[in-house]
Ligand SMILES: C[S@@+](CC[C@H](N)C(=O)[O-])C[C@H]1O[C@@H](n2cnc3c(N)ncnc32)[C@H](O)[C@@H]1O
């Protein structure tokens, strides 16, 4: 089977409506990506302000007529300013199969392993998270996730409560539970991420210890541990929300930050947290510390 991927860059407040239209127009899957830190269009002088900060990605069967889809979307959403979009044919090969072949168990820190659910466990005595991320982000292969997993492994999480902000596949919250935490609140803007997190938590026998919320339903809660692997933009905007989730002397890790953005995020969070030296992997940085 071959596919075509239609990516539309838009403002966040229109993303959900565009996603709904993509589904109605025949998309097999719709995903949302926060593209705040990679603006692609700056208004020229005199133009209507337009700053697309979200990518809405629709996956279509290669046989589908995407011209009709695009015309319908332009008609509904592109009257003032034509929608910015790209079309990417996915090669005619089994992408999922290739991904599964390439994803092997990986160790993080001393105790923790992330194991694809279709592979054998290398060390049965270790803390093993069995993972099948599906369409949601978070396999451990990305440096931003890896930094958080090592940080979680370094903590004593016994009986701790944890907020996993931007939970994606649920990988961080589930790892925390398997490392001894008693309760996790996972939050994500993507409903598919919440579904993937619940399924992965159940696969790991911790389904009854995790609660999952869209941001509009998120509960008031003070956790011992807060981990947020989202981009620098949301970390900036949601600083007070994320800070309030951490109870005094609780610990925090912020990831999804490019190395050159780390200082700004440190300055922002240093008001409320005593920060540790920034950890980096490749181009990515993690800011961590404990609440004053
Ligand atoms: C980089 S992924 C991290 C996934 C997983 N926690 C990990 O560490 O691999 C970021 C996740 O944050 C979610 N996200 C982005 N902006 C968000 C926001 N403002 N509020 C809540 N979740 C958000 C995305 O949908 C995505 O699932």
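Backbone N, Cα and C define each Cβ position, glycine as well.
Per TrEMBL, the feature S-adenosyl-L-methionine binding site maps to 145, 166, 188, 229.
Among the residues 145, 166, 188, 229 said to bind S-adenosyl-L-methionine, no two Cα atoms are farther apart than 15 Å. In the three-state DSSP scheme, residue 229 (S-adenosyl-L-methionine binding site) falls into the strand class. DSSP gives residue 188 (S-adenosyl-L-methionine binding site) a coil state; it is part of no helix or strand. Around residue 188 (S-adenosyl-L-methionine binding site), the same-chain residues six or more apart in sequence whose CB sits under 8 Å from its CB are 166, 167, 168, 194, 197, 212, 214, listed in sequence order.
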